[in-house]
């Protein structure tokens, strides 16, 4: 009769209910509602059936809710015990994408199983977080020198290179954000991390300049190089490579303060804006809901990030803190890059907006991450099952 067990005179199930972060849960519900409403408008003229995308998104949300419910009954520390198995499984599914993945628009990012397509690189974010958290926990106090940090870089580099091979530059950058966030909280030498980060940025900028000026070779696909060049000069090819960002800026700029209203955005409804139900859904929000709608959505993301930080600070152990840090780093980076991409202040990388963009793999991954956050929050005090 585990439900009758007590902790400090309080029945266990009451302790769990009392520890739940209801603010985080409410924010997620609002984000999901936001997603379905905007998805209905953004996908109205995409595909033969107007409700197809909304129905699928709803199905994935309910799948995620089931996963959250199940995850609350297991200790999050269980992942630490199986971290190397999770890491190995992660490498296997990423390698399988390269070998037997479905080719969509020249990229092998999906696997077809029983008629369903899923994107392993989305699940890989979660796998790398729970695995890397254990890796860093076991190395606590030994992250002071470059020699100490090198195994951490290798741990992240192997799956990241497999994702780059697909090719998927956007998700690879998310891995870097996760790594930096978790290593800094784990106590990595800040001077070395700072030098490596800014040094890498300097090398990347110089390499891009060298490519544009002297034709240097870059280890990127042609379309990825074009995106970088377009970011630096959007008017160089406005009808081809620069078309996405130009249409996005038109959509956001025309929304004004209150927007044109749902189903009234010309750029989205007339399909001038490509991928407006996935990567560029923030542009639809800017056009149809205006500045007020955009800021409201960003406020929800800010609240979610802040609640995540609080959960990380209150976690009962280092592993829980690092898991939550990885998740928060992932969300923060994706929101900043997606919004920056649609507003023209960052290159187009194909990173979706968490909880809002259309996509089953991303939605289930993000919902599972919510389950992990709530799990860490519930067990911030010693609770024995």
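For all residues, glycine too, the Cβ spot is worked out from N, Cα and C.
TrEMBL does not curate its annotations; it predicts them automatically.
Annotation source TrEMBL lists transmembrane segment at 20-39 (among others).
According to TrEMBL, the feature transmembrane segment maps to 59-77 (among others).
Taken from TrEMBL, the feature transmembrane segment covers 84-104 (among others). Within the chain carrying the transmembrane segment (84-104), a Cβ under 8 angstroms from the stretch's Cβ atoms is held by residues 110-112, 117, 120-121, 123-124, 127-128, 130-131, 155, 158-159, 162-163, 165-166, all 6 or more beyond its ends.
Residues 121-122, 124-125, 128-129, 132-133, 136-137, 139-141, 143, 149, 152-153, 156, 159-160, 163-164, 197, 312, 318, 321-322, 325-326, 328-330, 332-334, 337, 349-351 of the same chain sit 6 or more residues outside the transmembrane segment (170-188) yet have a Cβ under 8 Å from a Cβ within it. Taken from TrEMBL, the feature transmembrane segment applies to 170-188 (among others).
Under the heading transmembrane segment, TrEMBL lists 195-217 (among others).
Residues or ranges marked as transmembrane segment by TrEMBL: 280-306 (among others). Outside the transmembrane segment (280-306) by six or more residues, the chain places 23-24, 27-28, 30-31, 34, 38-39, 41-42, 244, 247-248, 251-252, 254-268, 273-274, 328, 331-332, 335, 338-339, 342, 353-354, 356-358 with a CB less than 8 A from a CB of the stretch.
For 318-337 (among others), the entry in TrEMBL reads transmembrane segment.
What TrEMBL lists as transmembrane segment is 357-378 (among others). Cβ atoms under 8 Å from those of the transmembrane segment (357-378) belong to residues 16, 19-21, 24-25, 28, 35, 39, 42-43, 53, 56-57, 59-61, 63-65, 67-72, 74-76, 118-120, 122-123, 125-126, 129-130, 277-279, 281, 307-308, 311-312, 314-315, 320, 323-324, 327, 330-331, 338 of the same chain, restricted to positions at least 6 beyond its ends.
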Tertiary contacts of the transmembrane segment (59-77) (same chain, 6+ residues out, Cβ under 8 Å): 16, 32, 35-36, 317, 319-320, 323, 360, 363-364, 366-368, 370-372, 374-376, 378-379, 385
Beyond the flanks of the transmembrane segment (20-39) by 6 or more, those residues with Cβ under 8 Å of it: 53-54, 57-58, 61, 262, 277, 281, 284-285, 288-289, 297, 300-301, 303-304, 307-308, 310-311, 354-358, 370, 373-374, 377-378
Positions on the same chain near the transmembrane segment (195-217), where near means CB under 8 A and six or more residues out: 180, 225, 228-229, 232
